[in-house]
Structure formats: structure tokens, C-alpha cells
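**Q** Encoded as C-alpha cells, here's the structure I'll be asking about.
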Amino acid sequence: MSKLLMIGTGPVAIQLANICYLKSDYEIDMVGRASTSEKSKRLYQAYKKEKQFEVKIQNEAHQHLEGKFEINRLYKDVKNVKGEYETVVMACTADAYYDTLQQLSLETLQSVKHVILISPTFGSQMIVEQFMSKFSQDIEVISFSTYLGDTRIVDKEAPNHVLTTGVKKKLYMGSTHSNSTMCQRISALAEQLKIQLEVVESPLHAETRNSSLYVHPPLFMNDFSLKAIFEGTDVPVYVYKLFPEGPITMTLIREMRLMWKEMMAILQAFRVPSVNLLQFMVKENYPVRPETLDEGDIEHFEILPDILQEYLLYVRYTAILIDPFSQPDENGHYFDFSAVPFKQVYKNEQDVVQIPRMPSEDYYRTAMIQHIGKMLGIKTPMIDQFLTRYEASCQAYKDMHQDQQLSSQFNTNLFEGDKALVTKFLEINRTLS
């Protein structure tokens, strides 16, 4: 029986482990980071006590994803992992891939044939493939565009029980190996699970099919949003609302378009198909009513004049201020879809100040895009500006709160190891035009 190592013990890892348990013949081991994370420690203790994981579903249409199961072994920490594994599934955040893999033993690393990246960012495959190439010349790296849905913990005292509240309309997947048997197996599995999965020609291609890459930096790395996150506000403000209730202005939309254009220049250098941003938002993320946007404008978005592109993006955000497909109440009010409050910096269980995942994960993603652009000789002034703003907010917080214990997220010289691997990969693989 082949062995699979699931790296991560959060809701995503539990849902994926359940799928593997139900639909594959893998012997499943999981590993967390119980010595450094209170959440991971709670999960470890809960599983050891109950000897069981459980996945529940919110929508009956997804009942094939639910179940109770146990695994072969749950490791406390990565450094405790022993033995050989054919497949490693990275169910942790993309910024942890390199740091986590390098903690595995030489025996384990040399045994791995496939590494599957569940929530990668642009460039993740380069990092993982370059690192793993030291241990195996024929390593297969598979990238998904994003995780298959939304899974969360309902009760933090029972973190081994999770709830999947939704499933994405469509996923993309790409492998470093053409005619990959593993990809064929995953495609067959997706069909069984009624998940639309498109296999694309490379992991890099799959990594570009995630709208967060294009919309999170402008939404979170502007003065309005950064103030809400790092300083707080007198009244609640919301991520997806128009100014003054939220950050969305024509300036923000212009910056979104400029970043998208910079990304498209990078994609062109790799000969990766471009992303029609409006079409991706409307057809694969949150739909709008057909009366709102013209199909021709959506289809030809990439070739329209700049000002019209910005107008259409702005219209799209106004169209999802409410859920246009919800039922209005007796007063004619629709569900307030855009009322997603900003999360502020917070103290964890160890009294260390943390930056929320949005924008700390977006900082990593955007920094990697900037580095790849730099390696290709492509100028990215808008991306540079997003990063400068974010770093200035981190520094200002450090200056104002010297008495507090701050997490390493507040440092700005991060990701040097990841960047070095990208540089090496690009030097070796001259796949550019």
C-alpha cells in the first residue's frame, strides 16, 4: 500500500484526508506543528482523545464529501516524520512550503515521487520543484489553482470536526509531467466528486487561475484598508463595499487594472495564456445578473480601452454589493453580500501580535510576483507600490508599539530562501521567450 503524507492539520487538510480515505487506497499520515501553534496542538490533543476526524456538509448536494474517519498516524511536528512516502500533499499555506519541506528527513525527501500543492501561489511550483530536485531528478509537482471549497472549524474546542460550507464551481490543475498518471487519477476522482476540474499544460498555468492574486493586493494594500487593519476604525468598515463604507474607489479599480496588466506581461514571458479578469470574476467566482453586464463586454474585456475596463470592473463590484440572486425581504432588501469586515491585527494565545492572513499571505504572494518580474526584467511599478505601502504600515506599527511582542510577519526581509529557489529555477530552466 502506498503512503501519503498530508502536511497540515487544519480544516482543508481534514477534508482532503477524508476524500483520500474514501476514494483511494493510500495509507494516510498527517503532520501539524503542535510545538509552535496552539491551534495545531489543540487538534493533536482532540484527535488523540477521540481517535477520529469528522467532516460535515452544509449543502446536501455535497454529501459525498462528508464522513468520519481515522488515519494511520498523526505526527506532532514535521521533524518527527519518519519513513518513506510516495506522495506529499501540501495542505498548508504557500508561504510555508519551503520551510516545511526542508524540515523533512533525507530518507523521506528521497522517497517522494509526487508533491501536490493545494493552495499555491504564482511561482510555488518553481520553489518546490527546485528544492526537491536535490533529492529526486524526476519529481512530479502538481499545482491546483486553489482549494476545492470552503471548510471551517465550527467549535474551536473540537477542531477535529469540520464543516464544508461550499464547493468551487471550477478548479484548474497542472503537472510538471505530461501524460501524468497521477493527474488522470485525480481527474477521475474529481468526476466522482462532481467537481469541475480542467487540466492545463503546466503548474504555473494553474497557479494563475486564482482571482485572489489580482484582487487582494488592491483591496488590502491601499491606505484605507491598511489603516483599518493596523490602526482600527471608529465604526466598522467592509472589504467589498464602496467608499466610505469600504475601500472601493475608481483609484482602487485603476490600481487593480494596472496590477493585472503587469501580471499579464509576466504571463506572456512564460507563454502562459492570459486571464480575462472580468470573465474570471463573473463566470467562475461570483456571478452577476445578465442585465448588469453585456456578454460582449465580458468576452472582449482584454482588448477594451483602459477606461472602459475600469468602468466594467467598478460596475461588477457595485453589482455584488448585495447578492443579486438572493430573495428580497418584505422591505425589498437583498442579502448584504459585501458586508465582510476587515480583520485587525490581533494577539494570539501566546500574546504575540499577528497580522491577519489577509493581507499577510497576500504580501507573500505579491512579493513573489515582484521577484519573478524582476528576474524577467519586467517592470512592476504598481506591484512595487502595493508592497511599499504594506511594508510602511508594518514599520509604523513596530515604531508605535515597541512594548509589544510582534510576530515575524512584521519583518520585511522575509522569503529570501523562496526567492533564491525561484532565481535558481529560472536560471536553469530557460523556458522564456
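Cβ coordinates are placed from backbone N, Cα and C, and glycine is handled just like the others.
Sharing the features that Swiss-Prot gives for it:
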type     : residues                                                            : note
BINDING  : Thr9, Gly10, Pro11, Val12, Arg33, Ser37, Glu38, Lys39, Ser40, Asp99 : NADP(+) binding site
ACT_SITE : His216                                                              : active site, proton donor/acceptor
**Q** Measuring CB to CB from Glu38 (NADP(+) binding site), give everything in the same chain under 8 Å that is also at least six residues away in sequence.
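**A** Set apart from Glu38 (NADP(+) binding site) by at least 6 residues yet with Cβ under 8 Å, we have Asn348, Glu349, Gln350.
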**Q** Where Thr9 (NADP(+) binding site) and His216 (active site, proton donor/acceptor) are concerned, what is their Cα separation in Å, rounded?
**A** 25
**Q** Which of the three DSSP states, helix, strand or coil, fits Arg33 (NADP(+) binding site)?
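**A** Its secondary structure by DSSP: coil.
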**Q** In Å, how large is the greatest distance between any two Cα atoms among Thr9, Gly10, Pro11, Val12, Arg33, Ser37, Glu38, Lys39, Ser40, Asp99, the listed binders of NADP(+)?
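**A** Spelled out: the longest distance between any two Cα atoms in Thr9, Gly10, Pro11, Val12, Arg33, Ser37, Glu38, Lys39, Ser40, Asp99 is 21 Å.
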**Q** Expressed to the nearest Å, what is the distance separating His216 (active site, proton donor/acceptor) and Pro11 (NADP(+) binding site) at their Cα atoms?
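**A** For His216 (active site, proton donor/acceptor) versus Pro11 (NADP(+) binding site), the Cα atoms are 22 Å apart.
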**Q** Hey, does DSSP put Thr9 (NADP(+) binding site) in a helix, a strand, or just coil?
**A** coil
**Q** Using all protein chains in view, find how many other C-beta atoms are within 10 Å of the C-beta of Ser40 (NADP(+) binding site).
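**A** Result for Ser40 (NADP(+) binding site): 20 neighbouring Cβ atoms inside 10 Å.
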**Q** Let me know how many other Cβ atoms fall within 10 Å of the Cβ of Pro11 (NADP(+) binding site).
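**A** Looking across every protein chain shown, the total is 22.
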**Q** Would you count the other CB atoms within 10 A of the CB of Arg33 (NADP(+) binding site), including those on all shown protein chains?
**A** 22
